[in-house]
Amino acid sequence: MLRVCIELVSMVSLTKTKQRNNASMFLTFLQNCNNCSLFTHLPHKPFISLVLFLISESTPNQRQPSPSPIASPTRVLKLISARSDPLLAEEIFDVAITQPGFRHSYSSFLVLILKLGRSKHFSLVDDLLVCLKSDQYRVTPTLFSYLIKIYAEADLPEKALSVFYKMLEFNVKPLPRHLNRILELLVSHRNFIMPAFDLFKTAHKYGVFPNTKSYNILMDAFCLNGDLSIAYKLFNKMFERDVTPDVESYRILMQGLCRKSQVNRAVDLLEDRLNKGFVPNSLSYSTLLNSLCRKKKLREAYKLLCRMKVKGCNPDIVHYNTVILGFCREGRAMGAVKVLEDMPSNGCLPNLVSYRTLVGGLCDQGMFDEAKKHMEEMLSKGFSSHFSVSHALIKGFCSVGKIDAATEVLGEMLEYREVPHTDTWGTIVPTICEDYETEKMEEILEEVMKIEIKRHKNSRGRHWIGGLLD
């Protein structure tokens, strides 16, 4: 209580020397009496009255002294706003409201509700709402936006749902943005999906009509929950109620269909979307391409990739890499080569993932010469070869007896400062020893040793070669 009193007295405008002296004496008096048992046991109200009496006495030249408010509502608002301790702010609020003729500004309620809510003092928030209603304040939608935000941050879906009906109690019409924020919080909890759906269906009775985002929130929730039929019904209802689906609406439903392995229906939906003039976004195509590749419908995936640019959505590196991976995964690496060769003409250059995936796929199919060509292209463009890819290529050449090709790959790696893995040395060096005469072997190893490699990366490689030469 002492803290509040000192805060309140410090707000009084004291312009004259006598007033400043009186205030100083009063603060000293409060500090001296703080530990006094008499003041310790006094209830708050008499103590506050004493404070107000002393403040009023500190103002001279008043013919008829009378209790005056501790400060203006604006000053109280500033004091509340400046408090980092929400309970201290609430105590100041309570002290002020007990004074005759004092009425808090609506902004003070908003600030205090936000402070208390964020510190999870929800019972005090409820008390302030009761006070607002009983004192007949004119409440704005901003208050309820604050409340929804508070309960969302605290992850309290039930409290957020109650805000919708609390708005009706205050004769405030909920806005679509209030509805959507509440729906978002509700559907983030699986056991609140149906309450969210009930609110969605009844909102129009209170003059709140769900918009496109409202439908998208519910559609996404039901798709994730495996209730694709309900999501599809919601999608169709949008047309019946003159709500226009957007790009996100189509993406959500297409993704839901793909999760249920209904890729053909997803493609049909894409066609319908294109016919209606919608340009699918990048994520929609990524979802479809990934699903088509997983379903081994590589021809359809490639056709879709080719159509993207014609339909106004330029394929990006993610789209191309998705299809390259799909071809390689199914043992059709030459199809992946075709995709990679198409990329530059469509304004998209292969990246590290593109090359690594392709070289690995070609090696898996025993197409080592083709893999070597693309690995050289990768290195020439400044991309680093992952040790698993280069090892697979060198090991592959060794397995088919192409030692010269294997040593060429090793030499190119060293030339580009790419350090072979220990397993790679373990594969190629014994093979060289078996297939070449001693004089030829030493010549090859000496050429390798001439290449300068960064110290922190080459210790294992030099250990291998040094051990063999010794």
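Using N, Cα and C of the backbone, Cβ positions are placed for all residues, glycine too.
So that you can see what the record holds, here are the features copied from TrEMBL:
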type: REPEAT; residues: 140-174; note: repeat 'PPR'
type: REPEAT; residues: 211-245; note: repeat 'PPR'
type: REPEAT; residues: 246-280; note: repeat 'PPR'
type: REPEAT; residues: 281-315; note: repeat 'PPR'
type: REPEAT; residues: 316-350; note: repeat 'PPR'
type: REPEAT; residues: 351-385; note: repeat 'PPR'
type: REPEAT; residues: 386-420; note: repeat 'PPR'
Margin query: Using Cβ atoms and a strict cutoff of less than 8 Å, what residues sit near the repeat 'PPR' (140-174) while being 6 or more residues removed from its termini?
Written below: 106, 109-110, 113-114, 117-118, 120, 122, 125, 129, 132-133, 181-182, 184-186, 188-189, 192, 195, 199, 203, 206-208
Margin query: DSSP on the repeat 'PPR' (246-280): how many residues come out helix, how many strand, how many coil?
Written below: 26 helix, 0 strand, 9 coil
Item checked: pLDDT averaged over every residue in the repeat 'PPR' (140-174) -> 94
Check: Reported in the order helix, strand, coil, what are the DSSP residue counts of the repeat 'PPR' (351-385)?
Finding: 26 helix, 0 strand, 9 coil
